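Notes to accompany the following structure.
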Amino acid sequence: MDEFSYTNIFATKGIEYLIVIAYFILFVFFTRALDASTKDDHKSAGRNGHVE
Amino acid sequence: MTTSVQSGTPREWDIREFVKFVIKEAKPRGKFLTPFNMISIPIILVGAILVVIRFVFGIGSITNLSQSTPWGIWIGFDVVTGVAFAGGAYVVTFLVYILGAKQYHSIVRVTVLNGFLAYMFYAGALMLDLGRPWKIINPIIGNSFGVSSVLFLVAWHFLLYMAAEFIEFSPAIAEWLGWPRLRKIVGGLTIASVIFGITLSTLHQSGLGALFLMAKSKIHPLWFTEFIPVLFFISSIFAGLSMVIFEGSISHKVFRSRVSHEGHADHDAILLGLAKICAGVMFVYFFLKVLVLVHSQQTHLLATAWGVWFMVEVLGFVLVPGYLFFRAVRAGDVGLVKVASALALVGIILNRLNISVIAYEWYAANPYIPSWMEIEVTAAVICVEIWAFRWVVTRMPVLSDPPSWAPER
């Protein structure tokens with residue numbers, strides 16, 4: 001019978017939890033970085049008087 | 001009465017005038033000997049001959065398909081990849097009509113037309129692939145519904161979605177014909193058909209992936225996962241939008257004279273907006289691919305030749321174009337958006353062909369390699385679709401403004 005180890009990150013699927021947590025954290029930074037470019041565009045457009 | 005047969009002029013129903021109008025519109029316009037025509041005409045002619053041979057002598061006469069490999073490039077590319085590329089229609093209509101993102105309004109018609117033609121030609125190419133094509137009607141008429149098959153779902157969804165897309169596009173046809181009453185009726189059906197179409201799309205994009213769930217023993221473990229339907233659906237979002245960017249950039253150049261003022265002014269902003277969505281969706285898709293790989297406990301296979309090929313697909317054609325979209329949005333670089341969209345399209349072709357052809361029966365001693373005739377027929381189908389697209393765009397108000405009598409889109 002295979003031995004089950006509670007400290008094995010693969011057997012406990014802990015690695016999947018870590019990937020999901022990493023994904024959620026990175027997604028926040030990712031969307032903020034994407035949005036920052038849009039806000040910068042609006043600001044510079046506003047300075048040039050192009051905002052409708 | 002020459003003015004009465006102008007396209008877009010409002011007119012009363014008159015059968016003689018209608019026939020005269022259609023004949024006039026059916027005639028070719030502009031230069032005939034263009035570089036595209038010179039290349040596409042021989043391809044279409046050879047393709048037509050091959051299709052006749054296929055129907056006279058059977059499917060084995062021009063393909064390398066066999067009993068053990070009944071699905072080849074016609075399914076893998078024409079249907080499975082083509083439908084993913086057509087996903088732009090449901091994404092853009094969702095953005096415009098459901099989320100109210102009106103900045104994409106000017107590309108709705110061209111995107112819906114593109115999606116409709118893709119379904120018509122690529123899914124229509126299924127007829128070539130069926131051993132007994134006349135039986136294609138069975139799931140519809142109930143001779144043999146086959147409700148336990150995923151293909152039953154796919155068949156009905158294709159049929160209903162094509163009808164929904166036709167209704168979504170029909171205001172442009174009514175404006176071209178100059179029929180205000182019909183325009184009013186079909187215009188009122190738009191929202192209903194959009195909601196219906198989006199519902200169908202989410203299901204059949206994933207349904208196409210579900211077709212491969214029953215081939216667990218045949219697909220390489222790096223590509224087989226019980227999450228194929230989810231991955232197919234998510235990838236169809238950026239596949240469709242990448243196609244909209246790629247095809248829209250070409251159409252914008254080729255049909256420059258027909259593009260409305262609004263279309264010219266908004267073009268770059270639209271491409272950057274779509275690139276932003278692509279970047280976000282590809283980020284999600286990449287993480288899902290990693291998660292699915294770890295979940296299936298097949299990471300040790302990455303050290304094999306198939307593993308390298310898998311990483312070429314995921315790193316080279318998902319992560320790289322995703323990053324390029326991100327960079328392009330940050331820098332406001334439209335040129336980079338186009339490069340990223342081309343790479344993303346290659347990635348989708350690789351993914352769909354890997355699952356349906358390349359990594360399918362990967363252990364076979366004599367793997368399936370498509371014959372030149374299969375590739376030729378595929379090229380002919382693409383060329384005919386482009387001809388149909390060009391015919392519609394140069395006649396109907398797709399890129400151009402609608403006639404003055406038509407209500408606001």
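Cβ atoms are placed via backbone N, Cα and C, with glycine included.
Here is what TrEMBL says about this protein:
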type	residues	note
TRANSMEM	B:36-59	transmembrane segment
TRANSMEM	B:71-100	transmembrane segment
TRANSMEM	B:107-128	transmembrane segment
TRANSMEM	B:140-164	transmembrane segment
TRANSMEM	B:185-207	transmembrane segment
TRANSMEM	B:227-248	transmembrane segment
TRANSMEM	B:269-288	transmembrane segment
TRANSMEM	B:308-326	transmembrane segment
TRANSMEM	B:338-360	transmembrane segment
TRANSMEM	B:372-393	transmembrane segment
In contact by Cβ distance (the transmembrane segment (B:338-360), the transmembrane segment (B:227-248); 3 or more pairs under 8 Å): yes
Remote residues contacting the transmembrane segment (B:269-288) - C-beta distance under 8 A, at least 6 residues beyond either end: 91, 95, 101, 103-104, 106-107, 227, 230-231, 234-235, 237-238, 241-242, 244-245, 248-249, 314, 318-319, 321-322, 325-326, 328-329, 332, 334, 337-338, 340-341, 344
Segment-segment contact (the transmembrane segment (B:338-360); the transmembrane segment (B:140-164)) at 3 or more Cβ pairs under 8 Å: no
For the transmembrane segment (B:71-100), sequence-distant contacts whose Cβ falls under 8 Å of one of its Cβ atoms, 6 or more beyond its ends: 63-65, 107-108, 111-112, 114-116, 118-119, 121-123, 125-126, 128-129, 165, 168, 190-191, 194-195, 197-198, 201-202, 204-205, 208, 232, 235-237, 239-241, 243-244, 277, 345, 348-349, 352-353, 355-357, 360, 368, 370, 374-375, 377-378, 381
